[in-house]
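J.: Can you read through this structure? Questions will come right after.
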Amino acid sequence: MPEASLPFHRAMPSMTHMALVALERAGILKFVISQNVDGLHLRSGIPRKKLAELHGDSFMEVCPSCGAEYVRDFEIETIGLKKTPRHCSNAPCRSRLRDTVLDWEDALPPKELTPAEKHCKLADLVLCLGTSLQITPACNLPLKCLRGGGKIVILNLQKTPKDKKACLVIHGFADKVIGGVMDELDMRIPPFVRIDLLQTVLTKGLSLDEKFVNWNLRVESVHGNKAPLPFVKSIEVSFSGIQNMKEVTLDKQPLNLKRRTQRNAEPFEVVLKLFFGNGCKCLSTDIKIPVDFMVSPKSFEGDQDLIFERLRDKAKKNPFCGQTALLQRKSITGPMESVVAVYAIVTNFVYFFRSAAEPAVERNMPLSSCSILKRNNEDERDSKTSVKRSKGNHDDHSDGE
């Protein structure tokens, strides 16, 4: 087996994943049924209500009491619907969460299977992309469209047991074929922009003689102080506007900095230079944290969807990552005052090109940060992709629409 080029938690959606997002946004694609546990359909942008993950999601926990779902940026520690170390954050609930990945003996969850069956029965067309169609009962779902007059198209490298039921069978690579479909529809494939979150916790309190402020800065996951922060490798900490504060490097989690400052010190900034781990497209980015011991910062609650959209727009205009934005900030009073701030960071950016004729302005970026699919007449002649129709389906291309 070849070694993985990326850690599992940094796996990125393919061209086909993002093409499906475009088709869903255009109203063409109504529902996605996945047997994968990588969570990439959800991460790519398919709405949760239009997605059935039959075998679970390695990055999702669920509350067995209230049904709340939690998508993490790290792989959940267990499989088989077992309890995890975390609890539901809904105040009246607080139940222990469970993982969502099925073990071999687990039945398909009705929450995923029921909508999958419903949409298959309603479908005009079911596309089976990159599946052997051998695992029951999932392999029988596409057949449910036939009774209502729907059709099946199978795209897979090898033959499948359901090929005779399909109106069109294509033996080839999904990215190449779906890229051709998007060409035919003259639809752009959206770029993939990954946004990760982290939070900083600044805690301060007076010394016994009340001449100094003892303060602590912690950089941690938004999923809890015991959860890993997988995309940050290390942090270089420097200070702006204050003297006699030495730079320091934090390279072991938990990422924690302790300092003491005179109580009457002027406001200053803590500059965090975040160095990203394997699988992130940029090496580092900076976050500046204002510190004023005399005045508590104002609380702030941003519109996450709007902030994410602005970050994506920035990334598209400058096709590199590292853009940051403050999502929220709140002060917690008590014996030790704390300020908790949540930041959003663009850590991956990938452009997909359905053909070699894409506008040059969109292709002005490092090849390492994009995937390019070329389709021209020479490529078509040399292609090993094969297309066949089942008996009785030798009519025009409308069968495959």
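Cβ coordinates come from backbone N, Cα and C, glycine included.
Here TrEMBL flags 1-204 as domain 'Deacetylase sirtuin-type'. Summarising the annotation, TrEMBL assigns active site, proton acceptor to His55. Marked as Zn(2+) binding site by TrEMBL: Cys63, Cys66, Cys88, Cys93. The region 'Disordered' annotation in TrEMBL covers 373-401. What TrEMBL lists as compositional bias 'Basic and acidic residues' is 375-385, 392-401.
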J.: Quick one: among the binding-site residues Cys63, Cys66, Cys93, which has the most Cβ atoms sitting within 10 Å of its own Cβ?
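T.: Highest number of other Cβ atoms within 10 Å: Cys63.
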J.: Work out how many Å separate His55 (active site, proton acceptor) and Cys63 (Zn(2+) binding site) at their Cα atoms, rounded off.
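T.: Distance (Cα to Cα, whole Å): 17 Å.
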J.: If you draw a 10 Å sphere on the Cβ of Cys88 (Zn(2+) binding site), how many other Cβ atoms land inside?
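T.: There are 20 of them.
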J.: Neighbours of the Zn(2+) site Cys63, Cys66, Cys88, Cys93: Cβ within 8 Å of the Cβ centroid, same chain, sequence order.
T.: Pro64, Ser65, Gly67, Ala68, Ser89, Asn90, Arg94, Ser95, Leu97
J.: Among all protein chains shown, how many Cβ atoms are found within 10 Å of the Cβ of His55 (active site, proton acceptor), not counting that one?
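T.: Other Cβ atoms found within 10 Å: 20.
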